[in-house]
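Colleague: The following block contains the structure, expressed as structure tokens.
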Amino acid sequence: MKVLWAALLVTFLAGCQAKVEQPVEPETEPELRQQAEWQSGQPWELALGRFWDYLRWVQTLSEQVQEELLSPQVTQELTTLMDETMKELKAYKSELEEQLSPVAEETRARLSKELQAAQARLGADMEDVRSRLVQYRSELQAMLGQSTEELRARLASHLRKLRKRLLRDADDLQKRLAVYQAGAREGAERGVSAIRERLGPLVEQGRVRAATVGSLASQPLQERAQALGERLRARMEEMGSRTRDRLDEVKEQVAEVRAKLEEQAQQISLQAEAFQARLKSWFEPLVEDMQRQWAGLVEKVQAAVGASTAPVPSDNH
């Protein structure tokens, strides 16, 4: 009887162990192909590949993963990988936007909007992975000492779904970036064509000038010297004519200034004479009045002096 119970117990434990340690599902062919493309693609794809590898390691739910999930280390590393991926993606998007400048504004706005939406979906997928692991860590800490088999199975199922969604959105983002890059390449080619069209007439003008210079170089030296002398003579005559015209203008300006000064001097002289006349008209009556008063005063003084010097009659006569 004891032997039978021991056999049953061993069988039960073996079954539990086999059930708990479930083998990780092998990656599907699209996942392997996508990961291979990330390993040899743009910097943002390489960063996403590192996030993908780390998520695959977490999905194994090994003992080391279980221990690190009890601490914030896994979520911190996932956050770092997320930030690195989004940073590289924004840098690549900015680079493509610079190359897309020759494209029509409407097309550029539409492509940018679609790419931004795909970028947001990818960021949301990575954020969901991190949030799910944070939730699992909280639940795992609350169940210390208890069976976590059901919790692990639920996490494994969620991680599989999140990986599939992440793969789908990453593939969609790659396709939209390819369209964006094709538009940038087309815009660059249009820009080159426009530059070529603008430079064409300039090149033709340069060719004509070179031909003209070549024909001038083929002329005899005496003819070229004579033509140069005529041009210099015409230039000197033109400068002399301009100088004479300028001198005439200066003379006219000086004459105008002199006439204005003489006119102003005459006006000042007339104003001074008028002012002098007004002063004279003001003070002449006053002077005449003072003279009359002075003459009257002198007469009164003389009369008073004459009266005081007259002889007094004597009483003896």
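FYI, residue positions are counted from 1 along the chain as it appears here.
Cβ coordinates come from backbone N, Cα and C, glycine included.
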Colleague: Pick from 15-25, 26-36, 59-69, 158-168: which stretch is listed in Swiss-Prot under region 'LDL and other lipoprotein receptors binding'?
Modeller: 158-168
Colleague: Report, in whole Å, the straight Cα-to-Cα distance of Met143 (methionine sulfoxide) from Arg231 (heparin binding site).
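Modeller: Per the Cα atoms, Arg231 (heparin binding site) and Met143 (methionine sulfoxide) stand 104 Å apart.
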Colleague: Pop the mean pLDDT for the repeat '3' (124-145) in here, whole number is fine.
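Modeller: A mean pLDDT of 85 is what the model gives the repeat '3' (124-145).
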Colleague: Give me the CA-CA distance between Arg235 (heparin binding site) and Met143 (methionine sulfoxide), in Å, as a whole number.
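Modeller: Cα-Cα, rounded: 103 Å.
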Colleague: What three-state secondary structure does DSSP assign to Met143 (methionine sulfoxide)?
Modeller: coil
